[in-house]
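Colleague: Pulled these features from Swiss-Prot for this protein:
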- 146-161: compositional bias 'Polar residues' (COMPBIAS)
- SER64: phosphoserine (MOD_RES)
- SER210: phosphoserine (MOD_RES)
- SER271: phosphoserine (MOD_RES)
- 137-191: region 'Disordered' (REGION)
- 49-58: motif 'Nuclear export signal' (MOTIF)
- 211-214: motif 'Nuclear localization signal' (MOTIF)
Amino acid sequence: MSKIFVNPSAIRAGLADLEMAEETVDLINRNVEDNQAHLQGEPIEVEALPEDMRRLHISEQKHSQLSDSACGKEEGSDDDFYMADSEDPYVPMQSYLDNVGIQIVKKMKTGERFFKIWSQAVEEIISYVTVNFPLPSGKSTDDKSTQTVSERSRQNPQPSSVKKEDQLSKTKVVSQEASGPPALEWSATNDEDDASVEAEIAHQIAESFSKKYKFPSRSSGIFLYNFEQLKTNLDDIVREAKRIPGVMRLAQDGLRLPLRCILGWVASTHSKRFQILVDSDKLSKIMQDDINRYLAY
């Protein structure tokens, strides 16, 4: 007979596995017993209940009526909170914006410049909003969050307002001296901001976005510069252009804007490379001459 030798370590490993299996079975049984502990107690008999509990009667009809009334209240509250699609004014506006987006994509496929397309779309959207969402005449447009002044400060607002105006005038002078060309005259004041005026400024700037302009360099030479080299957002350019005297008035009248002057001003405040290359004295003279020439027409 052939002898079969079994390694003692394999026997020990098998015994350990059997012990682990037995422990696992015991653990499962204990968990089952713990989970079913509430079923092992004595059942509650109805006869042992107090007398008050016998008087309770459950009516399914009343419960259904209560649930129906609760659902009705919830539906009513939802109807009060949400408007129908026919009454919601933002539904046609959403469809209008979708159509505008489709038109923009079509124009971009034809090869038109994006800034020209976008300026036209902005004007159309502004006109749509002003026509379909007019401001109520009887209500004030002031922000309620800022109207937290006490009654005493409302009765005597003159000293604080005078101080604020003085501080604003001082800060304007300091900022103009620090950032603007030194020889540019800032005596003229811009008119009130208007969305149509901003759209006109943005439209003219976008039309000439890549047009080359000439500026005198520090070496008395001439170098070219345009709005694209600024790498600045169009909204920021328009915001800076409104600070130039006379630009708002020209835009309100629909006249041509001094784009070289606008570019020189924005570049002198936002582009360090432009500040290094350009001669500030010659630049300020060019900007002042452009403003005077355009305002004279």
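Including glycine, each Cβ sits where the backbone N, Cα and C put it.
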Colleague: Who are the long-range neighbours of the motif 'Nuclear localization signal' (211-214) in its own chain, taking Cβ under 8 Å and residues 6 or more past its ends?
Modeller: 222-226, 259-260, 263-264
Colleague: Can you tell me the CA-to-CA distance separating SER210 (phosphoserine) and SER271 (phosphoserine), as a whole number of Å?
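Modeller: A Cα-Cα distance of 17 Å.
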Colleague: Just checking, which of SER210, SER271 (modified residues) has the fewest C-beta atoms within 10 Å of its C-beta?
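Modeller: Comparing Cβ neighbour counts within 10 Å for the modified residues SER210, SER271 gives SER210.
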Colleague: If you average the pLDDT over the motif 'Nuclear localization signal' (211-214), what number do you get?
Modeller: 89
Colleague: By DSSP, what is the split of the motif 'Nuclear localization signal' (211-214) into helix, strand and coil residues?
Modeller: 0 helix, 2 strand, 2 coil
